[in-house]
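The structure appears right after this line, and notes come after that.
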Amino acid sequence: MESMYSREQYLSLCKELEKDDYCYYVLHNAVISDYDYDMKMQKLLAIEAQHPEWKVLWSPSMRLGDRVSGNFPVVAHSHPMLSIANAYTLEELNDFFSRVEKTLGYAPIYTLELKIDGIAVAIRYEQGILVQALSRGNGQKGEDITANIRTIRSLPLRLPKDAPEFLEVRGEVFFKRETFEQINAAQRQAEKPEFANPRNAAGGTLKLLSAKEAAQRNLELSVYGSLSDENTESHYDNLMLCKRWGFPIFGQPRQCQTIAEVVKSLDEIEGLRDQLPMEIDGVVIKVDDVEAQKALGMTAKHYRWALAYKYAPERAETILENILIQVGRTGVLTPVAKLSPVFLSGSRVSRASLYNEEEIERKDIRIGDTVYVEKGGEIIPKVVGVCLEKRPEGTQPWVMPEFCPVCHGKVTRESDKVSVRCTNPLCSAGAIEKIRFFVGRGALDIDHLGEKVITKLFDLGVIHRCCDIFKITEEDLLQVPGFKDKSVKNVLKSIEKAKQAPLDRFIAALGIPYVGVRVASALAQHFLNLEAVMGASLEELKSIEGIGDKVAESIEAYFNQQDTIEEIQKMLSLGVNVLPYHRESSSCLGKTFVITGTLKKMTRSEAEASIRNCGGKVGSSVSKSTDYLVVGEDPGSKFKKAQELEIPILNENDLLKILYPN
């Protein structure tokens, strides 16, 4: 069929819609009605359906979303995405200024930006076209989330002609307060779990398998930096360039000539905090001069030229309606405050942490009290105090129950006199929590097995222990309300995938007391296979760096239990293959480094930790077994000895290239 439109008309329509999007989502100035915009978009979609070969990567239709693949490939960042150190007091802030001035020899200009509580991303453009977007991930590698990032209406899909040929921008993806409330209202309507806060909602949206669904949620982006060959010597000027190229930046960045100006601006911004459309938890302070940033360098974890000044947590007043008891995966009873709902830091709070019985007693918290609630780190609500003037008459001090609220078995008090534990191995609460942990994020990461599904399967008698996960059948899942053929297939596929379990994740999933992801990784790197971990002696466990006596004793006791051995053997018989740990190829692997002198871009302890993380060893003295000597300023006698032994000498930059080759 002959087309009613030419390719030139199609491209012109793309440009019109591109301009309409920019005016509405970046300048917040609608230039056409919603109806006219929709008519243009329908026209564009019709042309692209008739001429798919005309479709360009920057077409506004790309924002409408499509289904993405079931996994998000992991890609190395062009430059590490490090975190920013936090400061909570003026004293910590002044320490930062002093360190900067001491290193540079002068007081620099600073740029201030809003610290938006969102998800950090890196977005890459080539020849002016958006080609890839990555999550922050571990700072070295991130997940490819390009399809969902394209749905952000304020983000340009193509850049003006004066933009660099290759450009990477970094920014924060977030939700406005109003949008977040709408999303949670939709979750309640659909009888789905609400998001705890806007940051969690943004993270969950970026991981949606349907970009079309992501597009409906109206994500926002605020750019905070760029990487290109055309960057100027001023960070502030680079931000203004980004703005000129069409990138959104929420809250005008401020340039401060003096420390006094910085402190004044921090106070002014805090006063405007409640008026902002999104959540911020502080202000990021950056040395403005790019060359000065390079001179200040970085540590293994964060940049030395930037600091996040965090405001005091927001506080709300509400009524403590009840104190509930949660039973964790290890049987520990934890008191939780049930509150009259109150809005705090961008989310509705109805429960809060009370930590333990000792903390409740220390603060004299009673049911019926008017309490003060804060968000620790702006995430986890906690009860921080009581308004005694409003205490009702007749309230009684709260005491921990003597029996488990779930199985009614007697509880025992741990030797630390703080932890209270249900020791009944058949307690359903502990069993369900243990299974939830086993399949959750950071463990085996089995998709589609949430709390409600696990509880239902437990109640049906399908699962009682973690190993039962690998016996689940199609018939079992069809008993769960709401599960259809497609859902069943997704769960079974995830379970099958989880059978190929990396050693460190498998150890972490077991839920051994005091063993998290870091300790599990250390065990995997040391022992390399599951059999060796299970047979490790107490002395061998204690010899591993970062594992103390208490953790070592917990690991040994866990693997000496007959129930543990039988459950792991059952998993193996059901097809679970615990993959041996393979150290990544690295020029550090197995090499011994010795450090002498003062390093500028990281502390000695940070350098040593980075070497060990890459599979290297750190020696205290130079010998024939030393592979490299790292030399900083004012090296000692080790430098001379290394020269005599003809040991390779590295400066700090050489070391950084080995540690971070990408």
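Glycine is treated like the rest: Cβ placed from N, Cα and C.
The annotation active site, N6-AMP-lysine intermediate is assigned in Swiss-Prot to Lys115 on the grounds of sequence analysis. As annotated by Swiss-Prot, NAD(+) binding site applies to Asp34, Tyr35, Asp36, Tyr37, Asp38, Ser83, Ile84, Glu113, Arg136, Glu172, Lys286, Lys310, with the evidence given as sequence analysis. According to Swiss-Prot, the feature Zn(2+) binding site maps to Cys404, Cys407, Cys422, Cys427. Residues or ranges marked as domain 'BRCT' by Swiss-Prot: 583-662.
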Original post:
Which is it, of Ile84, Cys404, Cys427: the one of these binding-site residues whose Cβ has the most other Cβ atoms within 10 Å?
Top reply: Cys404
Original post:
In this predicted model, what is the average pLDDT of the domain 'BRCT' (583-662)?
Top reply: 80
Subject >> Distance from the residue listed as 'active site, N6-AMP-lysine intermediate' back to Cys422 (Zn(2+) binding site), taken between C-alpha atoms, in Å >> reply: 42
Original post:
Inside 8 A of the center formed by the CB atoms of Cys404, Cys407, Cys422, Cys427, which other residues of the chain have their CB, for the recorded Zn(2+) site?
Top reply: Val327, Gly331, Pro405, Val406, His408, Gly409, Val411, Thr423, Asn424, Ser428, Ala429, Gly430
Original post:
Counting across all protein chains shown, how many other Cβ atoms sit within 10 Å of the Cβ of Lys115 (active site, N6-AMP-lysine intermediate)?
Top reply: 23
Original post:
Out of Arg136, Lys286, which of the binding-site residues is least crowded by other Cβ atoms within 10 Å?
Top reply: Arg136
Original post:
At the Cα level, what's the spacing in Å between Cys404 (Zn(2+) binding site) and Lys286 (NAD(+) binding site), rounded?
Top reply: 52
Subject >> Other C-beta atoms that fall within 10 angstroms of the C-beta of Cys407 (Zn(2+) binding site) >> reply: 18
Original post:
Compared by Cα position, which of the recorded positions Lys115, Cys407, Cys427 is the closest one to Arg136 (NAD(+) binding site)?
Top reply: Lys115
Original post:
Just the number: how many Å between the Cα atoms of Cys407 (Zn(2+) binding site) and Asp36 (NAD(+) binding site)?
Top reply: 62
Original post:
Taking the Cβ of Asp36 (NAD(+) binding site) as reference, which residues of that chain separated by at least 6 in sequence fall under 8 Å from it?
Top reply: none
Original post:
Where does Cys407 (Zn(2+) binding site) sit in DSSP terms: helix, strand, or coil?
Top reply: coil
Subject >> Residue pair Lys115 (active site, N6-AMP-lysine intermediate), Cys427 (Zn(2+) binding site) - Cα distance, angstrom, rounded >> reply: 44
Subject >> Neighbour tally for Cys422 (Zn(2+) binding site), based on other Cβ positions within 10 Å of its Cβ >> reply: 25
Subject >> Secondary structure content, the domain 'BRCT' (583-662) (per DSSP, counts of residues) >> reply: 26 helix, 16 strand, 38 coil
